[in-house]
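Data block below; observations after.
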Amino acid sequence: MTETQSLELAKALISRPSVTPDDRDCQKLLAERLHKIGFAAEELHFGDTKNIWLRRGTKAPVVCFAGHTDVVPTGPVEKWDSPPFEPTERDGRLYGRGAADMKTSIACFVTACERFVAEHPDHQGSIALLITSDEEGDALDGTTKVVDVLKARGELIDYCIVGEPTAVDKLGDMIKNGRRGSLSGNLTVKGKQGHIAYPHLAVNPVHTFAPALLELTQEVWDEGNEYFPPTSFQISNINGGTGATNVIPGELNVKFNFRFSTESTETGLKQRVHAILDKHGVQYDLQWSCSGQPFLTHAGKLTDVARTAIAETCGVEAELSTTGGTSDGRFIKAIAKELIELGPSNATIHQINENVRLDDIPKLSAVYERILARLLAEKAV
């Protein structure tokens with residue numbers, strides 16, 4: 001196998017316009033390729049979402065790669081320098097929607113599996129891939145549903161690598177070994193609509209909420225810890241009024257979000273918000289949505305193996321970090337003993353002209369292969 005195979009598979013995946021939750025047979029392509037080296041494929045489709053669980057072997061330890069074949073919309077196609085679903089090599093980079101997030105990662109792991117199995121046909125344990133077409137969307141029928149199926153039948157993962165783009169300045173410089181939780185609130189502050197010249201006959205919800213708003217934004221929710229930054233509270237939307245300049249609004253809608261560390265809990269944050277609103281006499285309705293709990297993989301075998309593989313392949317020392325947004329790791333952690341995220345550069349994800357460095361592609365595949373070898377080979381390398 002030449003090192004161009006990762007590039008060619010990445011191109012084949014990018015050329016399929018799999019805008020979430022449409023898979024465009026990307027998973028079929030992966031299954032056909034991995035079937036040749038002994039992987040069994042199980043399709044787990046829910047609604048419009050396609051998921052596939054691919055596994056080679058029946059014993060522990062289980063090393064699983066998790067990824068998604070869906071991509072975000074392209075945005076204005078005319079702003080791209082080359083068609084987003086026509087993978088293009090230019091200036092030492094591979095351009096196309098999904099190049100960084102995250103079809104290149106998938107391609108690199110598949111080719112890593114091919115090389116590893118060729119060299120170690122009787123390897124220890126099992127290799128698995130959990131692939132979904134619903135990561136960029138609502139994420140309701142994707143990885144979370146597959147995890148439920150696996151959990152129900154007692155199928156657990158020892159080591160999981162999520163192929164999200166994690167590199168900042170150079171391939172391998174950062175490994176995500178955890179993520180903050182995400183808790184959102186949809187707050188409706190209730191008032192009484194009236195003429196702006198007669199405020200005594202109305203109740204302005206903007207005014208009644210203002211003191212609580214100040215306290216919410218100044219509150220120190222926690223101090224963070226050695227793994228996580230302090231919990232953050234951010235308001236994303238505030239809407240009120242009819243558009244007229246002479247009407248006191250009857251309601252104010254406020255949308256906000258917590259990105260919270262392991263120093264805080266979902267229940268605790270909710271209680272503190274309600275206490276602040278009640279303290280200021282706000283009349284309100286508040287709906288909550290938690291899209292993920294914080295999780296952490298402490299430095300251990302998987303992080304050590306990954307850092308060694310990166311050092312040997314890329315010549316850099318990987319930093320462990322929990323920064324950034326949420327990923328499907330929040331679902332997989334329920335059945336995975338150790339979990340990290342490791343992939344290409346995140347500099348252009350979701351952007352016009354999304355791309356990865358061409359010379360990073362064989363390196364990433366080599367990193368994945370070294371991880372497999374150190375975890376599953378008959379003899380560690």
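Placed from the backbone N, Cα and C atoms, the Cβ positions cover glycine too.
Taken from Swiss-Prot, the feature active site covers D70. Other C-beta atoms found within 10 angstroms of the C-beta of D70 (active site) number 27, with every protein chain shown included. DSSP assigns D70 (active site) to coil in the three-state reduction, outside any helix or strand.
The active site, proton acceptor annotation in Swiss-Prot covers E135. Of all Cβ atoms in the shown protein chains, 27 besides its own fall within 10 Å of the Cβ of E135 (active site, proton acceptor).
Long-range Cβ contacts of H68 (Zn(2+) 1 binding site) within its own chain (separation 6+, distance under 8 Å): M102, I131, T132, S133, D134, E135, E136, G142, T143, D328. Feature annotation from Swiss-Prot assigns Zn(2+) 1 binding site to H68, D101, E164.
For E136 (Zn(2+) 2 binding site), other Cβ atoms within 10 Å of its Cβ number 22. Swiss-Prot lists D101, E136, H350 with the feature Zn(2+) 2 binding site, giving sequence analysis as the kind of evidence.
Other than D101, E136, H350, the residues of this chain whose Cβ falls within 8 Å of the Cβ centroid of the Zn(2+) 2 site are, in sequence order, V71, V72, G98, M102, I349. Taking Cβ-Cβ distances under 8 Å and a sequence gap of 6 or more within the same chain, the neighbours of H350 (Zn(2+) 2 binding site) are V72, D101. Sitting within 8 Å of the Cβ centre of H68, D101, E164, and not among those site residues for Zn(2+) 1, are the Cβ atoms of G67, M102, S105, E135, E136, V162, G163, P165, S327, G343, I349. Counting only the Cα atoms, the space from E164 (Zn(2+) 1 binding site) to D70 (active site) is about 13 angstrom.
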